[in-house]
Amino acid sequence: MTSVLIERIEAIIVHDLPTIRPPHKLAMHTMQTQTLVLIRVRCSDGVEGIGEATTIGGLAYGYESPEGIKANIDAHLAPALVGLPADNINAAMLKLDKLAKGNTFAKSGIESALLDAQGKRLGLPVSELLGGRVRDSLEVAWTLASGDTARDIAEAQHMLEIRRHRVFKLKIGANPLAQDLKHVVAIKRELGDSASVRVDVNQYWDESQAIRACQVLGDNGIDLIEQPISRINRSGQVRLNQRSPAPIMADESIESVEDAFSLAADGAASIFALKIAKNGGPRAVLRTAQIAEAAGIALYGGTMLEGSIGTLASAHAFLTLRQLTWGTELFGPLLLTEEIVNEPPQYRDFQLHIPRTPGLGLTLDEQRLARFARR
């Protein structure tokens with residue numbers, strides 16, 4: 001039997017997609033637009049798979065930028081895979097891991113595209129290729145990131161009214177500590193028991209600030225504190241995890257499956273944020289999830305603010321998890337005002353609903369893609 005081969009891999013920068021609320025303020029970066037990298041894998045049987053590699057703020061968050069992702073795929077990763085069997089994803093990803101250190105965002109996009117193609121070929125959704133889904137929808141949190149307390153409260157109340165979100169994450173850390181704490185506590189008091197409120201500090205506190213802040217936040221009903229201090233301060237993370245009244249979630253601390261094992265062994269976090277881009281793909285992120293489950297660590301489905309393609313690739317992986325205690329934040333497509341697929345993800349009743357159509361369940365809108373593409 002003749003194998004189906006990878007014929008071509010193309011990386012396309014989808015440049016400056018507008019967002020619904022410029023600015024979107026994070027501790028390390030303020031977003032006005034979002035730039036995606038679309039990956040198209042064409043196979044010898046005529047099937048095309050699509051994937052996405054997206055970063056936050058160029059190089060502000062991680063080690064890869066859109067331009068770097070495209071350059072490395074074009075020059076190194078794609079040539080290594082052309083001519084290989086398209087249906088042997090293990091062999092393809094093993095070759096990439098031997099060829100290139102890191103580059104997890106680029107690898108994740110390629111793996112997602114290979115899974116999409118294989119799902120289309122077999123008539124199965126990607127979740128079935130990953131072992132089978134145990135749920136059909138995912139709770140999705142919304143990030144409040146305007147920096148304005150009254151505006152954030154109004155936005156949260158609107159989301160509750162339309163049954164879009166009932167979990168809210170506040171991006172803090174860039175302002176003085178007292179100002180951030182006042183902002184968060186005011187929002188929680190206004191929303192009360194109608195919503196879960198969480199914070200993401202993106203490593204911006206030192207340990208002395210975090211000791212005080214975690215106590216205040218926990219005492220005021222904040223449900224979760226994400227990455228309060230630097231990922232390199234492992235002993236500080238352990239101490240905070242032991243004394244904080246609110247659970248601590250590791251995000252930036254997990255840049256590989258090996259990081260997840262080390263964090264679990266040290267007892268440095270109560271919750272792991274799962275991100276396919278930082279682990280190297282949907283299959284790799286499931287290895288991190290298995291480490292967490294073995295260690296009794298709760299799980300949360302994170303985002304790199306991907307568009308619809310990256311969001312659905314994450315969603316298909318998260319559907320297969322036995323526990324996803326803290327839900328997800330797969331709201332990336334809702335942040336964008338432009339779409340490059342024909343089937344935008346469906347959000348209703350506080351959930352993202354994932355269809356059972358083959359592959360990721362998406363097709364490209366070629367006309368819209370052409371408006372924003374930069375090859």
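Placement of Cβ uses the backbone N, Cα and C atoms for every residue, glycine included.
Bear in mind that the values here come from a model prediction, so they are computed numbers and not experimental data.
For reference, Swiss-Prot has these:
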ACT_SITE  Lys171  active site, proton acceptor
BINDING   Asp200, Glu226, Asp251  Mn(2+) binding site
ACT_SITE  Glu329  active site, proton donor
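Separation of the C-alpha atoms of Glu329 (active site, proton donor) and Asp200 (Mn(2+) binding site): 12 Å, rounded to the nearest whole number.
Within 8 Å of the Cβ centroid of the Mn(2+) site, not counting the listed residues Asp200, Glu226, Asp251, the chain contributes Lys169, Val199, Val201, Asn202, Ile225, Gln227, Met249, Glu252, Ala273, Gly302. Of all the recorded positions listed here (Asp200, Glu226, Asp251, Glu329), it is Asp251 whose C-beta has the fewest other C-beta atoms within 10 angstroms. The residue listed as 'active site, proton acceptor' sits 13 Å from Asp251 (Mn(2+) binding site), taking the Cα positions as reference. Following the DSSP three-state reduction, the secondary structure of Lys171 (active site, proton acceptor) is strand.
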